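Notes follow once the structure below has been shown.
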Amino acid sequence: MKQVQTKRDWKKLAYDVVEEKVITKEDAIAILEADDTEILEIMNAAYIIRHHHFGKKVKLNMIINTKSGLCPEDCGYCSQSIISEAPIDKYAWLTQEKIVEGAHEAIRRKAGTYCIVASGRRPTDKEVNHVIGAVKEIRETTDLKICCCLGFLNEDQAGRLAEAGVHRYNHNLNTHVNNYESICSTHTYDDRVDTVQKAKQAGISPCSGAIFGMGETIEERAEIAFELQRIDADSIPCNFLVAVKGTPLEGQKELTPVECLKVLAMMRFVNPTKEIRISGGREINLRSVQPIGLFAANSIFVGDYLTTAGQEPTADWGMIEDLGFEIEECAL
């Protein structure tokens, strides 16, 4: 006889979290394993937590890809890696003028945070100086919050970025430590954690998340959320694998929209006070249920990603308005 699974009281669990009770790994796994028919109850419960901490505000972020491709790392998901055969644009560093122009485009798109991203293992000191020059001009001419994602950092580089006015540094954990060697062999999971810690020690707000759908188990998916809690990431981008043709993971089965919603809800339960951002793969994986994701998440990227297209900013603005939510400048 098939065992009947006991239905959880998701709303009670949400109020427990609001009252600052820490949920267990078993609770997180239960969210991920719940029957699909419970998804609206789960998202409603996640919204209780989201609304308590963030109301109806949605933070918009914009990415600029300042250096594309030409990366010596072999990350299996990435179209910019040395082993990728994906047909992407490849170029060296954009000029400081172009980076500053991008900041003004971010403002036109109603973004409060501008994310300066560059491919590669780690920046040289000269490259850090190049970014710092642009950051200083952006800080002098706009009210944007600035996030950088430049690869591995040493302590001196992190300190200089902080001094220049970089508010946030993104360095994703990407996947579970047990799954890491199957995704990348040119650096380790611990290398990534180290850079997050260096940024935090320099006084920069840490941004770190994962790419879901790269072969991790349900249990590992939950443990990623608790690892992000442990390293105290202030902003958590939840990416969903886009199986790009020409990369080693091109044949990987992508998550269903409901699986993505469960990830977002679980992440909100485990990290209730943190910025949860629906990131890469939003349009492709969530598809028509994108708006429901914002009942757990409180942040999205507006416009294109690094090498994949996003939807038009007007579509995102309309989605937010239709939900009765409102755009917030990303105060840290």
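Placement of Cβ uses the backbone N, Cα and C atoms for every residue, glycine included.
Record features, source Swiss-Prot:
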type: DOMAIN; residues: 53-282; note: domain 'Radical SAM core'
type: BINDING; residues: C71, C75, C78; note: [4Fe-4S] cluster binding site
type: BINDING; residues: C115, C147, C207, R277; note: [2Fe-2S] cluster binding site
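Cα of C75 ([4Fe-4S] cluster binding site) to Cα of C115 ([2Fe-2S] cluster binding site): a distance of 21 Å.
Taking a C-beta cut-off of under 8 Å and a sequence gap of six or more, C147 ([2Fe-2S] cluster binding site) has these contacts in its own chain: N61, T113, Y114, C115, I116, V166, H167, R168, Y169, N170, C207. In this view, the densest Cβ surroundings among the binding-site residues C71, C78 belong to C78, judged by other Cβ atoms lying within 10 Å. Per-site Cβ counts within 10 Å over the binding-site residues C75, C115, C207 peak at C207.
In sequence order, E73, D74, Y77, S79, Q80, S81, I82, S84, S119, C184 are the same-chain residues whose CB sits within 8 A of the CB centroid of C71, C75, C78, the residues recorded for [4Fe-4S] cluster being left out. Between the CA atoms of R277 ([2Fe-2S] cluster binding site) and C78 ([4Fe-4S] cluster binding site) there is a gap of 20 Å, rounded to the nearest whole number. Its Cβ taken as reference, R277 ([2Fe-2S] cluster binding site) is surrounded by 27 other Cβ atoms within 10 Å in the chains shown. Under the DSSP three-state reduction, C78 ([4Fe-4S] cluster binding site) is assigned to coil, being neither helix nor strand.
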